[in-house]
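Below is one structure, written out as structure tokens, with a few remarks after it.
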Amino acid sequence: MRALVLAAGKGTRMKSKIPKVLHPLSGKPMIEWVVETAGKVAQKVGVVLGFEAELVRKTLPEWVDVFVQEEQLGTAHAVMCAKDFIEPGDDVLILYGDVPLISENTLKRMIEEHRKGADVTILVADLEDPSGYGRVIQDGDKYRIIEDADLPEELKSVTTINTGFYVFSGDFLLRVLPEIKNENAKGEYYLTDAVNFAEKVRVVKTDDLLEITGVNTRKTLVWLEEQLRMRKIEELLENGVTILDPATTYIHYSVEIGMDTVIHPMTFIEGRTRVGENCEIGPMTRIVDCEIGNNVKITRSECFKSVIEDDVSVGPFARLREGTILKKSSKIGNFVEIKKSTIGEGTKAQHLSYIGDAFVGKNVNIGAGTITCNYDGKKKNPTFIEDGAFIGSNSSLVAPVRIGEGALIGAGSVITEDVPPYSLGLGRARQVVKEGWVLKKRKEE
């Protein structure tokens, strides 16, 4: 089985300089949805590109065969541009880059039905209002497709529409492609004409209208996003996740969340995030591409491409940047920013700190206002803080530097040299007190 994805259109009605198939749906480009699904049912996947072909090509996996339709002259013409992809002894599935939610199950049903002996298998659906769609007309054992504009009056009551998804026998498709003409109002070559050449046609019906919805406008894309969002939320609710306010909660379809986790309002969980069991997320929190363990609490914070182990507390108003690893039972408090750093088990950074390019051991206390000065104007340098160290408030650790195990840094210090284990590091001027100085100064004035 081969799958050919037609994705050459510009998407004029999207009013965008970005190719239509690259517009994201639930966090990933529409074409990525289709290619991933195609890869689950077909041994080889090809994509026909057109507008901004090179830009779209960059988003595709290396295992996808790419063909280019220089001039968009219809669906059959697009398939003709990929005729080298079609093998006489193999079947080919036709998909569309702007119909992103076609399901693996439906495609498998089509393939199974096709293998009962067919030139072509059509995916159809019944619509209450089929206006604008080509109708699938059955005449005994045969089927044909008539475009809406060409329907005679007596057939306008037919509600079975052609979705545009097909499985073709490779032999049949190669034979009929040269016979398709562009004798229509638009002067284009339509794949529906190939169906009308077929002697053996089989039909599969879908009742899920989401999976056959094509995106031609931003309005449709937003509608599809909302439907997908609510479908995901309902799935999570049914599997033991509490979502206190679905109307203000945005969860991408790729997200996984364990049971007994509570999601508060105004929470955004995106990308390939996995959240464990019995967590509390939000309110007003954004999490992107993170791995989160069990019993984690994150509130009013942002977390990007980070790993958060069990029993960790984050926030409020914390920011975890890419490369952050929070080990078990660590605590990250308000207005703490962490970037490309590992925070050890049981370590606390509770207030007003920046930790960048650092490796922090177990049970370290990082006082309020601590800064790792990691950038020297040319490159980022590492800071090492070993187990059990205590960093006093308002300290600056100028990297590269190492704070030894059990060492103590006095508050207000600027540390530029390594501090050995169990040592006191001070990097500040001695305090001077001049008694009565203020009164003396006033008398002089």
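Don't overthink the numbers, they just go from 1 along the chain as shown.
A Cβ is built for glycine as well, from the same backbone N, Cα and C atoms used for every other residue.
Reduced to three states, the DSSP call for His351 (active site, proton acceptor) is strand. Around the Cβ of His351 (active site, proton acceptor), a 10 Å sphere holds 15 further Cβ atoms from the protein chains shown. Per Swiss-Prot, active site, proton acceptor is recorded for His351.
The UDP-N-acetyl-alpha-D-glucosamine binding site annotation in Swiss-Prot covers 6-9, Lys20, Gln69, 74-75, 96-98, Gly134, Glu147, Asn162, Asn216, Arg321, Lys339, Tyr354, Asn365. In sequence order, Thr347, Lys348, Ala389, Phe390, Ile391 make up the list of same-chain residues 6 or more apart from Asn365 (UDP-N-acetyl-alpha-D-glucosamine binding site) whose Cβ falls under 8 Å from its Cβ.
What Swiss-Prot lists as Mg(2+) binding site is Asp98, Asn216. There are 23 other CB atoms within 10 A of the CB of Asp98 (Mg(2+) binding site), with all protein chains counted.
Counting only same-chain residues at least 6 apart in sequence, those with a Cβ under 8 Å from the Cβ of Tyr375 (acetyl-CoA binding site) are Gly356, Asn381. What Swiss-Prot lists as acetyl-CoA binding site is Ala368, Asn374, Tyr375, Ser393, Ala411, Arg428.
Taken from Swiss-Prot, the feature region 'Pyrophosphorylase' covers 1-218.
Same-chain neighbours of the region 'Linker' (219-239): 14, 23, 25-26, 100-101, 210, 213, 246, 249-253, 255, 257, 259, counting only residues six or more beyond its ends whose CB sits under 8 Å from a CB of the stretch. Positions annotated as region 'Linker' by Swiss-Prot, on the basis of sequence analysis: 219-239.
Swiss-Prot lists 240-445 with the feature region 'N-acetyltransferase', giving sequence analysis as the kind of evidence.
Within 10 Å of the C-beta of Ala368 (acetyl-CoA binding site) we count 19 further C-beta atoms, all protein chains included. Across the region 'Linker' (219-239), DSSP helix (H, G, I), strand (E, B) and coil residues number 20 helix, 0 strand, 1 coil.
Only Ala368, of the binding-site residues Leu6, Gly74, Glu147, Ala368, Ala411, have a C-alpha within 10 angstroms of the C-alpha of His351 (active site, proton acceptor). Of Gly74, Arg321, Asn374, Ser393, Arg428, all annotated as binding-site residues, the residue with the shortest Cα distance to Asn216 (Mg(2+) binding site) is Gly74. Distance from the CA of Ala411 (acetyl-CoA binding site) to the CA of Gly97 (UDP-N-acetyl-alpha-D-glucosamine binding site) is 59 Å. Our reading of the acetyl-CoA binding annotation (Ala368, Asn374, Tyr375, Ser393, Ala411, Arg428) yields a largest Cα to Cα distance of 22 angstrom.
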